[in-house]
Amino acid sequence: MSELSVKHLLGIKYLNESDIQLIFETADHFKEVINRSIKKVPSLRDITIANIFFENSTRTKLSFELAEKRLSADVLNFSASQSSVKKGETLIDTVNNILSMKVDMVVMRHPNPGAGIFLSKHVKASIVNAGDGAHEHPTQALLDSYSIREKLGDVAGKNVVIVGDILHSRVALSNIFALKLQGANVKVCGPKTLLPKYIESLGVGVETNLRKALDWCDVANMLRIQNERLDISYFPTTREYTQQFGVNKKLLDSLDKEIVIMHPGPINRGVEITSDVADSKQSIILNQVENGVAIRMAVIYLLASKIK
Ligand code: CP
């Protein structure tokens, strides 16, 4: 297969296993490119991409922008907080105004779940979801699986536990879809209040004892406690959460195998993981960020080939 089955990247839910393998093979090529002395290719010289962010971002925004520039696309950056959205302009009007400047692709982060799906039905450009509320964050899940593949050789058959606030996490949902598609065994672990009731219907196991989860896994993906999405108290105190669900070096070293530690960032150091875990040789957190550029180059390149 040499092309994606989709025109937009709205969620991992809409991809198949062949799409993921194609993205990974394309990312392998781009990873080699960005490690050369000349890190740029002319592939998308005729493509214009708008990055529109209605929520804060460091990694995703910079990674998309760099990926687009490495592919020689023309890039527009739009931040809602400095725009006419503040004067009441709607999402569709905002995007249609941007598109009238002959933009081919829109990369969007938005606080509302389904914002990218909504947009894809109302505008002509190809839409890439860079995180929509607590729904999906597809490029994060792709770079996470790609990093597991790079570290452990394969994703199929690996035991992966996702720890923390599963209820509010777009990273968790996209990772579950991506890992299951590739044949990984997946568990979620966290306080019962932060584990959605439907989660087992997605084919994942549930564990509320962190020690047992870590004994089982090859990879632990530690999620951030998203204080900005916690409308009520889901656990007594942050200190108590850390005692039950935080990974420190003593716990990591007490396991009888070397597990891989992942985190999508931003890290709350000392809450979900301690600094000596985040910075340990078992952590691939910065490899995830590095791989994000190659994965996003692959996604943009493959989607652009469908609009040419
Ligand atoms: N992982 C991630 O989405 O980070 P940002 O919010 O900084 O983009």
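The backbone N, Cα and C atoms fix where each Cβ goes, glycine too.
Unlike curated records, TrEMBL annotations are generated automatically.
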Hey, TrEMBL has carbamoyl phosphate bound by Arg59, Thr60, His137, Gln140, Gly265, Pro266. Any idea which of Arg109, Arg239 it lists too?
Arg109
With an 8 Å cut-off on Cβ-Cβ distance and a minimum sequence separation of at least 6, pull the same-chain contacts of Arg224 (L-aspartate binding site), or say none.
Gly164, Asp165, His263, Pro264, Gly265, Pro266, Ile267, Asn268, Val271, Glu272
Candidates Arg59, Thr60, His137, Gln140 (binding-site residues) - the one closest to Arg170 (L-aspartate binding site) by CA
His137
Would you mind pulling the longest C-alpha to C-alpha span across Arg59, Thr60, Arg109, His137, Gln140, Gly265, Pro266, which the record has binding carbamoyl phosphate, in angstrom?
16
According to DSSP, does Arg109 (carbamoyl phosphate binding site) fall in a helix, a strand, or coil?
strand
Should we count any of the binding-site residues Thr60, Lys87, Arg109, Arg170, Arg224 as near ligand 1, judged by a CB under 6 A from one of its atoms, and which?
Thr60
Cβ-based isolation winner (fewest other Cβ atoms within 10 Å) among the binding-site residues Arg59, Lys87, Arg109, His137, Arg170
Lys87
